Each structure stands twice: as structure tokens, then as C-alpha cells.
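Just below is one structure, and these are the notes that go with it.
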Amino acid sequence: MNSQAPVITIDGPSGSGKGTVAGLLARELGWRLLDSGALYRLLAFNASNHGVDLTNEELLKALAAHLDVQFIAAEPGKLQQIILEGEDVSNVIRTETVGAGASMVASLPAVREALLQRQRAFRETPGLIADGRDMGTVVFPDAPLKVFLTASAEERARRRYLQLKGKGEDVSLSSLLDEIRARDERDTQRAVAPLKPAADAIQLDSTELSIEQVLHRIRSELAQRDLV
């Protein structure tokens, strides 16, 4: 870790566009990328591969501290690559089974602490784009630029609906909207690291904005802070 390397945190709820914006910005600047939300899935997947029980806090803590993972920003319109121990696991960690495992390991305090340190280790020159829910409030509270990206629940459900339909999945817009509202409530009401903007975050509502318009606003903030 290089504590002097600049960090841009991009937090926000599911479907706000933060992952897309983070990936494009990292690619544009040539900075490192951290998808913090994927780390719990990666840990659950890695634990299963190594025969580690998902309730064994000590072994999970050790695995978390040494996760060999790299996030590669994708070209526009494509998904980012997630490389675990040299293998592309971008798709396999998105299964329901891995997701259930991720929820289990995320409930263990020692694992959360180990992953907190692992996330901070991504901070290297020339800089880091950190995408998540508590990047600006918990993981990188000293980041020189913090962005909190949101959009209406209806717009986020619509985006997710189009994404899943594009993959050929049979989904209901109303059920997706219900899921997003339920997740928003869980994220904002949880006792540990609730979803909320940092006091010094730039808040952007992307409901009526294109990805390029969001990027333009962030570029302006970067220039004002002499970060690029």
C-alpha cells in the first residue's frame, strides 16, 4: 500500500451506475480498480475451492488477508475482468450459491476486518478508483475525492431489468423494484457501515444523466483538486 497515492471513492446503492463509472474512470486514468462488493464473493468462492468451512472464522480471516485478486477495467460496454490466483472468475462468482456464501462470510467481524485491510492494500500509485458502499466513509476516509452516486429506485430497477433481459433472463420489473427497495433498506439501516454519503462527498443523482455526463462531472472535480 502507498498511503500517498490518490484515491477516488465511488459509493452508492445497487444499480446507480457506480461500477460502470468506476471501471471507465480507472481505464481512462490508468489507475488501479477496486470492486469491493466482489471481495466477499471472491472470499466465499476461494474458501470453497480450498475446502474451508464458511463458518471457520480464523481460516477465512487468513484467506481474506492473502486474497490474490486483480480487477481489470473493461472497455466501454464490456464487463470488468476479475482475476483470482491467475484465473478469470468474472462469471463464476456471480452465481446464487456464491452469493449465499458471501452473505455468510460478510457476517463475521474478523473477516470484515481482514478484508478492510486487504482493500486498503489496493492503494498504489498512480492512484486507485474504489467502488463500493462504504469506501468514502470507512475504507478510505482520507480520499481527496469522494463521489456518492445514486438514482431513483425506479430507474435502477429499469437498468437492471434491461441488463438481465439482454442476457436472455426472464425477469419482472416490479419484482426487481421490490428487491432494490428491500436492499436499500437493509443497506441504509444496518448497524455496521450503513450506506450513506460521506460528509465531504460530491453527491450525484444519475437518474436523468448519461454515464458520460457523470464522468464529465467527476473529471471537473478531479481538475479542481489537481488530481490529474
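Each Cβ is built from the backbone N, Cα and C atoms, and glycine gets one as well.
Here Swiss-Prot flags Gly12, Pro13, Ser14, Gly15, Ser16, Gly17, Lys18, Gly19, Thr20 as ATP binding site, drawing on sequence analysis.
Listed binding-site residues: Gly12, Ser14, Ser16, Lys18, Thr20. The one with the lowest count of other Cβ atoms within 10 Å of its Cβ is Ser14.
A Cβ within 8 Å of the Cβ centre of Gly12, Pro13, Ser14, Gly15, Ser16, Gly17, Lys18, Gly19, Thr20, the residues given for ATP, is found for these other residues of the same chain: Val21, Leu149, Thr150, Ala151, Arg156, Ser206.
Taken residue by residue with DSSP, Gly12 (ATP binding site) is part of neither helix nor strand, so it is coil.
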